[in-house]
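Engineer: Sharing a structure, written as structure tokens. Questions coming.
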Amino acid sequence: MVLLLIQAFNYDFSHLRKKKLNQRTRMIISIANFSMILYFITIPMIDFIEEVENINFTHYQEMITAIYFLLFICFVNLLDRNLRQELQKQVVLQKELQLQNMARYSKQIEGLYQNIRSFRHDYANILTSLKIAIDCKDIEMISSIYHKVLKDSGKVLKGEKFNLARLRNINDLPLKSLLFVKLSEAQRLSIPVSIEIGEPISIKNIELIDFLTLVSILIDNAIEGAAESGIVLCFFEQFGKQTLIVQNDTFEKQINLSTIFERGVSSKGNNRGVGLSNVREILESYPTVTLKTVSDQFVFKQILEIEIL
């Protein structure tokens with residue numbers, strides 16, 4: 001009820017319907033609702049007593065109305081201040097997350113640059129040796145250089161580390177840097193990574209900080225639970241939906257899905273299920289976002305779907 005009156009004061013609280021309210025916000029709204037109910041009960045009672053007892057209570061009615069109006073303004077200001085603080089916390093958290101990911105992203109890019117620089121240096125030396133062999137018309141030396149060095153040199157630039165260029169189709173830089181960092185970490189742990197993002201795509205209908213949190217948790221779980229075949233990541237937009245698929249092979253044929261979203265419960269050990277419980281809490285704030293979890297034949301798959309129509 002209080003939200004309907006808030007609109008008359010041009011406060012924009014429309015996102016309250018999308019976001020899960022914290023305890024303080026729920027308390028403010030509950031007290032405001034209770035005071036409103038009390039007001040609408042008190043005024044008719046005063047009118048009834050005034051009519052039955054033939055006593056003029058107009059002054060008291062005006063005083064009660066004025067008091068309630070002031071209380072209502074206080075509730076609105078408290079609610080607005082509380083929501084602004086929550087939004088500010090989210091902004092700060094998002095910036096910190098972006099800075100951390102960008103720092104790791106820059107470090108990974110620097111590593112790639114050093115690899116390419118080293119390759120160029122080695123390649124220049126190889127070409128110098130090859131030129132000498134050609135000038136001397138030493139076919140045996142030319143053949144040796146080719147088979148021992150040049151034949152496999154292309155693999156340096158075709159390794160999995162350079163396949164991360166497939167992230168170019170992600171338009172949101174924070175998401176791109178997060179995926180780069182997470183998938184590079186998987187490769188550092190010798191976990192094979194397959195990435196499929198065929199078309200340019202931007203996050204829609206979900207706040208960036210929440211989407212980054214979901215993606216981070218899903219990939220972390222995939223890395224921790226991955227078997228030899230590694231991780232598969234797909235992100236695409238089709239049929240009015242954006243779909244993110246995070247898949248990993250498992251050592252178990254089938255994982256029990258009935259309890260993995262409970263806090264403190266995990267297939268990876270005790271007190272390690274906080275991540276997926278956070279996923280569930282975030283999804284409660286987005287009716288248009290769903291998560292399907294499948295585990296069968298040594299494959300664990302998380303399918304996150306966002307309706308965009």
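Here the Cβ of each residue, glycine as well, is placed from N, Cα and C on the backbone.
Found this in TrEMBL, in case it helps:
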- 27-46: transmembrane segment (TRANSMEM)
- 58-79: transmembrane segment (TRANSMEM)
- 207-306: domain 'Sensor histidine kinase NatK-like C-terminal' (DOMAIN)
Engineer: Please work out the mean pLDDT for the residues of the domain 'Sensor histidine kinase NatK-like C-terminal' (207-306).
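Structural biologist: Averaged over the domain 'Sensor histidine kinase NatK-like C-terminal' (207-306), the predicted model reaches a pLDDT of 80.
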Engineer: DSSP helix, strand and coil counts for the domain 'Sensor histidine kinase NatK-like C-terminal' (207-306)?
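Structural biologist: DSSP classes over the domain 'Sensor histidine kinase NatK-like C-terminal' (207-306) add up to 28 helix, 33 strand, 39 coil.
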